[in-house]
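Remarks on the structure that follows.
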Amino acid sequence: MCGIVGAVAQRNIVSVLIEGLRRLEYRGYDSCGVAVLDARGPTRARSVERVADLEGQVRDGNLEGVTGIAHTRWATHGAPVTDNAHPIFSRDALALVHNGIIENYEGLREMLRGKGYEFISQTDTEVIAHLIHSLYRGDLFAAVRAAVAQLHGAYAIAVLHKDQPHTVVGARQGSPLVVGLGEGENFLASDALALAGSTERFIFLEEGDVCELSLDGVRIADRQGEAAQREVRQVAAYGGAVELGPYRHFMQKEIFEQPRAITDTIAQTDAFDASIFGEGAGQVFADIDSLLILACGTSYYSGLTAKYWLESLARIPTQVEIASEYRYRESVPNPKSLVVVISQSGETADTLAALKHAQGLGHKHTLAICNVGTSAMVRQTELSFLTHAGREIGVASTKAFTTQLVALFTLAATLAKLRGRLNDEQEADYLKQLRHLPAALNSVLALEPQIIAWSEEFSRKEHALFLGRGMHYPIALEGALKLKEISYIHAEAYPAGELKHGPLALVTEAMPVVTVAPNDALLEKLKSNIQEVRARGGQLYVFADADTKIVNGEGLHVIRMPEHYGLLSPILHVVPLQLLAYHTACARGTDVDKPRNLAKSVTVE
Ligand code: F6R
């Protein structure tokens with residue numbers, strides 16, 4: 001999704017800005033741009049192609065400057081054309097980049113037209129540029145503070161003005177923005193990752209903050225306009241760019257990294273001890289009587305899976321809700337409920353807003369399960385568990401999902417132990433299973449050649465059904481999501497028992513039905529569902545545990561999984577579905593790591 005980089009220095013800053021954009025590229029964008037200040041005012045280059053094209057333009061045009069801002073745009077208002085690409089100018093005096101959505105832009109645009117401002121783009125961003133310009137009286141910091149007070153919606157912005165050649169002003173509300181501190185130079189970015197190589201000292205701006213970067217310092221005002229001191233954090237973990245190695249795509253690499261990612265995630269777990277979730281977790285866990293899980297997309301499906309573990313192992317009532325729905329409905333808060341937000345990025349706008357909404361309703365206990373330790377979600381919650389999946393570049397989430405599942409299983413087992421429902425022997429057994437999981441995953445990954453053979457068939461289909469039962473139903477949902485995201489094949493998932501209540505009408509020879517078949521208590525029921533599909537000429541593609549006795553037959557294609565893995569089985573069963581989606585997408589020739597219309601970190605509503 002959109003990315004911001006800004007810098008004030010005494011050296012030509014263009015390469016820092018371009019490198020910053022390159023580091024944010026994996027998040028998805030459809031245009032990009034950069035602007036620097038020189039004696040005449042801001043000059044810019046913009047492209048509706050990749051950052052590499054922008055870099056070429058910058059080189060050819062000899063764009064140079066010591067103060068600049070840059071942007072990758074993921075279109076919301078207005079098509080991805082050059083006029084809508086950022087930086088957006090106001091009267092050739094001011095340049096601005098913006099992440100987020102301004103909800104009251106139409107009213108502001110009318111007001112600004114009344115003042116004689118001409119609108120060139122279709123963006124909501126242009127109103128911010130003109131608004132700040134209209135309020136500018138020689139102090140950009142003051143003009144930005146006055147302007148943001150009139151904005152409704154979510155934004156992170158970076159602005160420069162020709163009359164202040166060594167100043168970049170930033171502001172944030174509902175969209176992340178960090179300041180990077182250098183020696184005699186300072187930076188701004190929507191993600192600290194963009195500034196790797198330039199600094200390791202960061203200030204994570206808070207909601208409502210406005211900041212002014214100059215050569216020798218940074219000043220920050222809070223929402224009330226009061227001078228604010230913010231903690232400076234040392235973040236060294238942003239190293240170099242992630243390499244693809246022998247893999248064709250980052251998604252494939254990340255699928256194969258899952259054994260390693262899970263090893264890292266469980267490294268901190270010698271026992272199911274509340275302290276893994278942060279200081280004071282023991283007290284919080286003793287206080288609560290239920291869980292409310294809030295998340296989006298794949299992270300939501302990990303929450304749905306966890307509900308089965310939390311209710312069966314820990315016997316704790318668990319509600320799982322899509323964050324974008326929860327934040328806007330009237331719910332009945334329970335202050336004794338632990339609110340758990342699950343997010344790979346920790347910056348997803350809907351999940352963050354749902355968290356704040358829950359806190360506003362009086363939920364005082366909150367826990368983030370997240371892959372980014374410095375993210376807004378981790379900073380905003382009382383407790384946290386970091387998944388240690390490592391950076392996930394592919395837009396379609398894979399290793400983040402399986403490590404979330406490991407985190408959530410750990411949570412369920414910890415709560416079960418605290419509630420007297422897990423004895424020492426069971427604890428030792430679950431810990432052993434967790435430690436064996438990476439090896440078990442490796443044997444599932446070894447099924448890749450068989451899955452590639454299936455993917456050829458799938459690549460010629462336009463629709464697919466996914467079936468699962470019990471805690472493997474969310475795995476079927478995740479399999480369908482993966483397939484549609486990257487191969488653009490329409491896919492839907494159902495709990496297998498629902499088939500005859502409607503979706504069976506869709507089953508014909510042309511409809512592949514992917515079935516997740518673990519050897520659990522629901523196996524016999526699932527076998528009946530399989531027969532229902534076969535009887536209608538449907539083509540079944542079944543991932544069956546070794547001991548299920550489901551074998552190849554007419555209309556029945558089986559890939560044999562290892563032996564049933566008990567409660568942790570969903571973590572194994574999702575992997576062949578990831579591989580099926582991946583290889584089907586490859587066979588269709590789609591842009592696997594950057595599927596159309598999607599972005600890695602959804603920082604707008
Ligand atoms: C799907 C996918 C998305 C994300 C969702 C939430 O492959 O990646 O559905 O899971 O956008 O993102 P996070 O986990 O960053 O909150």
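Heads up, the Cβ atoms here are built off N, Cα and C, so glycines get one too.
Annotated in TrEMBL:
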type	residues	note
ACT_SITE	C2	active site, nucleophile
ACT_SITE	K600	active site, for Fru-6P isomerization activity
DOMAIN	2-216	domain 'Glutamine amidotransferase type-2'
DOMAIN	281-421	domain 'SIS'
DOMAIN	454-595	domain 'SIS'
Using DSSP, how many residues in the domain 'SIS' (454-595) fall into helix, strand and coil?
72 helix, 30 strand, 40 coil
The domain 'SIS' (281-421): DSSP-derived helix, strand, coil residue counts
64 helix, 27 strand, 50 coil
Distance, K600 (active site, for Fru-6P isomerization activity) to the residue listed as 'active site, nucleophile' (CA atoms, angstrom)
10
Return the residues near the residue listed as 'active site, for Fru-6P isomerization activity', defined as same-chain residues 6+ apart in sequence whose C-beta is under 8 angstroms from its C-beta, sorted by sequence, else 'none'.
M1, Y26, R27, G28, S345, E392, I393, V395
Averaged over the domain 'SIS' (281-421), what pLDDT does the predicted model reach?
96
Across all the protein chains here, work out how many other Cβ atoms are within 10 Å of the Cβ of C2 (active site, nucleophile).
28
